[in-house]
Amino acid sequence: MQPSHRDTIAAIATAPGAGGIGIVRLSGPGSRDIGERICGRPLAARRAHHVRFHDADDEVLDDGIALFFPGPASYTGEDVVELQGHGGVAVLRALLGRCLELGARHARPGEFSERAFLEGRLDLAQAEAVADLIAAGDIRAARAARRTLEGDFSRRIDAIAEGLLAVRVHVEAAIDFADESLETLGGDGLRRRLVHLRIDLDQLMLEAERGRRLRDGLHAVIVGPPNAGKSSLLNALAGVDRAIVTDVAGTTRDLLQEVVRVDGVELTLVDTAGLRDGGDSIEREGMRRARSELDRADLAIIVLDARDVTGGTSVIADSIAGVPARLWLHNKIDLTDGEAAAVADGGTDRHLAVSALTGQGLEEVRKALAALAGGAPSSTEGSFTARTRHVDALRRSAVELAQAARHLELESLDLAAEALRAAHDTLGEITGVVRADDLLGSIFSSFCIGK
Ligand code: GDP
């Protein structure tokens, strides 16, 4: 998507529906002229003017406030005009219609932010944070998106990119002195800098992963043998009768998704077909889908019948091996003497005794989920939001950096230079220094109109 910078775009920037105030926004070289014709008076820069908005026949459409922000110190970097009228659908449509009559084009979703990016007002990660700030469901995610928008994440990336560039320059220079050994060309210092860059990159990756969870919520998958009480627990946590609860083994054949808010963080609980060997073809399909959910899960919640904790556990152990964290719920403790599930927590595994039926232990489950999803509000202080795309790029960059270090050890300078270039370019994808047009298209088209 390559917008022409010659045209002027317009859109209703406020949410659809009735509201006290509604805003039509214009950006581009014709904005001021269109705004002045609608308002019937000149618009001074950065002043609030109380005006009447006129249609083609000079009839008054509405009255309100007009603002003119000359480029480049505007949101998009171009001349921007905001017409703030009453927030009724008819008024705003008429106002927008008048802008289009006077030569503006209807903006595509995200086109204002895309222009801000193309004009260098925001980098790509910051532009994405605009959408994340708007979509944030709770104040922690909103604050974290704000930090990304202010450049906290981008500055960290730029610092690593700068360090990488210096290492690249050094390696490229060493290639030109092929007769000399790497040691005489400062190879030791080079290796040390690479190690430091890897440490910085790993640290940033951890923080970006936390930022991704703040934005996307934790993806938790419920698994366990048939009849252990997975559906009942999902319902108890979700607070609605969502999953079908029955006492016939193997009834939950489909994946049922329920999004639960725990301490302001969204957890997607996916109740899956009981993991076990055998079953008919529909059941096997359910199991296949369960396994593919587990592949992208941040957390596995394993539900076991507290009276029979060994039932089906070998199948489960196989399928959850790659999931980063595990919460074991020993369910139906109302049917035990309370001694069951005395299993110690260890590493990334937590064990809790619960009863989906009586609600016993569910508060502890909620607390454990909140802790896993990002911890107490204080622990998200200073965090920024990130997207899967960013975490993925950081990971790829780290792999290239590790390759570069190996090539340097073997004194394969050409290969090291190539890996360093790839690591550097991959970081550039995050902030948009290196970019593909289809990537821009897919990012900005997910924005709302008028943003
Ligand atoms: P799933 O196959 O793992 O999804 O298991 P369900 O949630 O369908 O539960 C199987 C049976 O166990 C149902 O009859 C539930 O009512 C019962 N059940 C689930 N949780 C508990 C519990 O904590 N205590 C008792 N007594 N029964 C439970």
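Cβ coordinates are placed from backbone N, Cα and C, and glycine is handled just like the others.
Listed in TrEMBL for this protein:
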BINDING   R25, E82, R121, K451  (6S)-5-formyl-5,6,7,8-tetrahydrofolate binding site
BINDING   N227, T246, V248, T251  K(+) binding site
BINDING   227-232, 246-252, 271-274  GTP binding site
BINDING   S231, T252  Mg(2+) binding site
DOMAIN    217-374  domain 'TrmE-type G'
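A straight line from the CA of S231 (Mg(2+) binding site) to the CA of R25 ((6S)-5-formyl-5,6,7,8-tetrahydrofolate binding site) spans 48 Å. Sequence-distant contacts of K451 ((6S)-5-formyl-5,6,7,8-tetrahydrofolate binding site), defined by Cβ-Cβ distance under 8 angstroms and a gap of at least six in the same chain, are A13, P109, G110, F112, S113, V130, A131, I134. A Cβ distance below 6 Å to any atom of ligand 1 is met, among the binding-site residues R25, R121, N227, K230, S231, by N227, K230, S231. Just so you know, of the binding-site residues R121, K230, the Cβ with the fewest other Cβ atoms around it within 10 Å is the one at R121. Cβ neighbour count for R25 ((6S)-5-formyl-5,6,7,8-tetrahydrofolate binding site) (all protein chains, 10 Å cutoff from its Cβ): 25. It is 56 Å from the Cα atom of R121 ((6S)-5-formyl-5,6,7,8-tetrahydrofolate binding site) to that of N227 (K(+) binding site). Residues near E82 ((6S)-5-formyl-5,6,7,8-tetrahydrofolate binding site) in space but far in sequence (CB under 8 A, at least 6 apart, same chain), listed by position: A13, I23, V24, R25, L26, I65, A66, L67, F69. In the three-state DSSP classification, N227 (K(+) binding site) falls within coil. Mean pLDDT for the domain 'TrmE-type G' (217-374) in the predicted structure: 75. Mapped onto three states, the DSSP output places R121 ((6S)-5-formyl-5,6,7,8-tetrahydrofolate binding site) in coil.
N227 (K(+) binding site) has a Cβ environment of 21 other Cβ atoms inside 10 Å.
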